[in-house]
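Engineer: My questions will all concern the structure given below.
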Amino acid sequence: MFLCGQNGGRWKDMVMAYRTLGVVFGGLVTSPLYVYPSMNLKSPSEQDYLGIYGIMFWTLTLIGVVKYVCIALNADDHGEGGTFALYSLLCRHTNIGILPSRKADSVTNAAHANPSVGTENRSRLGICIERSMTARRIVLFIAILGMCMLIGDGILTPAISVLSAMDGLRGPLPSIHKSAVEALSAVVLIALFLLQKYGTARVSFLFSPIMASWTFTTPIIGVYSFLRYYPGIFKSISPKYIVHFFLRNGKTGWQLLGGTALCITGSEAMFADLGHFNKRSIQIAFLFSIYPSLVLTYAGQTAYLIRNPNDHSDGFYKFVPGPVYWPMFTIATLAAIVASQSLISATFSVIKQSVVLDYFPRVKVVHTSRHKEGEVYSPETNYILMLLCVAVILGFGDGKELGNAFGVVVILVMLITTILLTLVMIIIWRIPLIISALYFVPFSIVEGAYASAVCTKILEGGWLPFAVSVILAFIMFGWYYGRQRKLEYELANKITLECLGEVLERPEIQRVPGLCFFYSNIQNGLTPILGHYIQNMRSLHRVTIFTTLRYLLVAKVAPNERIIITRLGLNGVYGCVIQYGYADFLNLEGDDFVTQVTNSLRAHIENSEGLSPAYVEEEIMLLERAKEAGVVHVRGKTRFYVGKDTSLFDRILLGFYEFLHSNCRSALPAMGIPLQQRMEIGMLYKA
């Protein structure tokens, strides 16, 4: 029985490892299409190519195998990976959240996840970060920048992958102009983006076979190529060839690092897509298929280029033998499309996580599969990505400029992961500083060298991801700042339960029939909008449930912890907290939402201690009558009043926040609340 269970687990891991080929590794395994064409090589020699291959081999080994497979995959947040998962992991173990609601959550979660929180066993570094608002903002900024760079990856990967694959038409058909290839690539991408609304569930079964065909055919051609052109290619893995390369080429060799960095493109996806698979399956797929495939493919490309040194501008298709050229062109094009799909889907997931955690304006997020909660689609995000991808292809066109832009994204995301992962090692894993330094110092030096090289390409295409990241970061910071100021105002002007009780005792305040869900952003107290509502309406519903949507800095919340009901000590007045993690699907819609909350409330009433059966029955009957009388959902629609005494900084940022807020989607439609049941109460907050 035990052996059967072991074999079943191994078989499941193997099947999942096969599936990862079509989802996780699309960007990484298709990198041979554009690495050599992206390099600005001038009359390269045999020794130059041997040095370049040595750099790529050790980059794949150190960053791919050591950093991601052996270390980063262990730093998951309840199975979720990526830079934001690292940030949420830190927030759950230390009080480094910024928003007031997030800080409360992080304290609660930290105490739950780590009993040592609040004791002398806590990390000194964690305590230092907690005490410094500047340090906390820097950590948040690093996490935001990582998300922005990943979104930039979602723009550049489809552009460079499809353009590089389609460029293969010009080899056997030289009459085809480059502009025609660019136009055809743009058409392919437009078609891909227009199909996003239908989801990938119907065609995803083709992704793994396509990527498996690519993964296992390119190394075969690579072996054939290096056996034919340069059998001794693997001598270049000796570090002396790398040293000689830099000594011989000096500054030029250092600048070429920006091109070699592309060989590790997409490795961050191993970590970011951890939530869709498991650690073991990703490790198996990388170590036994992706890594050998890339090592052999680059060996074959380099061997061919040693004998044909001026063919580097088309370094992939030139080394493909003539009899298999068109089959490889077909596989390459399909593989590029699958790689593009992987990054597009990852971008949708990042946007969803950011919206859920309230770090990004609300956009529509649609779940395209009933069976896979990770498959989401955002119409606004999709069409913006489509326009940017097409603009990148038509605007840049040249593979070198696209490669320069791509290199900036690849390296900065890796550097951000290294920084956050080091914090996790020290603060959460409690690894001694000296041992943590053995990780941080070598990888920060390697990735820092790459980053310094790609930054020299800012004016040659590298400005694009910086521009995209700055715009996205400004949007996220403006939204975050506005939300923070609103929460601060509500906490400072909240209504206590004692005050509400006094108001309800006034003779002019009526309790009208019906069930009201009154939405609030704060839990310890009641929103000031309630006072504004009662003052103008002179009434409150017979049963009122103050509802807070609480997004925790965890991946998923257990179903039995999803809805939390509390008594507020007043007749017919209750509190309800609906908890979700950033990887959860908010699947409460319309009547289902009302039914689930009222069922939880009924169970809470029935299980309450110290109440007589007659009182419990009366309270349940009151709830049923209120529900039958009608349901209404009340939320505040607040705006900032910017007066003459408001600072210039607040005028700019709060004005920008109001612009974002007025153009983003409401929180209630996302829950499927019928239009006739919604009520919005307007109120001005003084800035």
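Glycine is no exception: its Cβ is also placed from the backbone N, Cα and C atoms.
All annotation found in TrEMBL is predicted automatically rather than curated by experts.
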Engineer: Suppose you had to name the range TrEMBL annotates as transmembrane segment; which of 284-304, 347-367 would you pick?
Structural biologist: 284-304
Engineer: Check each of the ranges 207-227, 543-563, 648-668 against TrEMBL and return the one annotated as transmembrane segment.
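Structural biologist: So the range that TrEMBL calls transmembrane segment is 207-227.
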Engineer: State the residues, same chain only, that lie 6 or more residues beyond the ends of the transmembrane segment (138-156) and have a CB under 8 A from a CB inside it; answer 'none' if no residue qualifies.
Structural biologist: 27, 82-84, 86-87, 90, 96, 98, 129, 268, 272, 343-344, 346-347, 350-351, 354, 359, 385, 388-389, 392, 402, 405-406, 409-410, 412-413, 416-417, 419-420, 423, 464-465, 468-469, 472-473, 476-477
Engineer: What average pLDDT does the predicted model assign to the domain 'K+ potassium transporter C-terminal' (513-685)?
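Structural biologist: Its mean pLDDT is 84.
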Engineer: Looking only at the recorded stretches 16-37, 49-70, 207-227, 284-304, 433-451, which one has the largest tally of CB-CB distances under 8 Å to the transmembrane segment (324-344)?
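Structural biologist: Going through each listed stretch, the top one turns out to be 16-37.
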Engineer: Considering only Cβ pairs within less than 8 angstroms, which of the stretches 16-37, 284-304, 433-451 has the most against the transmembrane segment (49-70)?
Structural biologist: 284-304
Engineer: Can you work out which residues elsewhere in the same chain, 6+ from the ends of the transmembrane segment (284-304), have a Cβ less than 8 Å from its Cβ atoms?
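Structural biologist: Beyond its ends, the transmembrane segment (284-304) has Cβ neighbours at 13-14, 17-18, 20-21, 24-25, 28-29, 31-32, 35-36, 49-50, 52-53, 56-57, 60-61, 64-65, 68-69, 215-216, 218-219, 221-226, 228-231, 233-234, 236, 263, 270, 311, 315-316, 318-319.
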